[in-house]
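*Asks:* For reference, the structure I am asking about is given below.
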Amino acid sequence: MEREHPYVTEYMDRSMVKDRDEESGQYTETVTDEEIAEFVRNSNGLTTSEVADEFDYERPTAYRRLKSLEESGDVQSRKIGNSLLWESSE
């Protein structure tokens, strides 16, 4: 009986929930920037890990998406200790 490596199985499970563009073959985002910004706006501040957990992202992916939202003025961050706290920019 052949056993699959747990990381391969985990990666496959995550990749199966993404949409793939039929023309380019590239994966597209299934969560919009607005959904992430709304989640942050409806909180009293969230860490990158909390956002990653909510949207089933790896932490670096959540950070990249949040940083992009910060650059566009939708959210803001502030450093607390060794963590970033993401909150509404309104």
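Just so it is clear, glycine is given a Cβ too, placed from its N, Cα and C backbone atoms.
Sharing the features that TrEMBL gives for it:
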- 1-30: region 'Disordered' (REGION)
- 1-23: compositional bias 'Basic and acidic residues' (COMPBIAS)
- 43-76: domain 'HTH iclR-type' (DOMAIN)
- 70-90: region 'Disordered' (REGION)
*Asks:* Count up the helix, strand and coil residues in the region 'Disordered' (70-90) according to DSSP, in that order.
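*Replies:* Secondary-structure breakdown of the region 'Disordered' (70-90): 2 helix, 12 strand, 7 coil.
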*Asks:* Quick one: average pLDDT across the domain 'HTH iclR-type' (43-76), no decimals.
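*Replies:* The answer is 97, the mean pLDDT of the model over that range.
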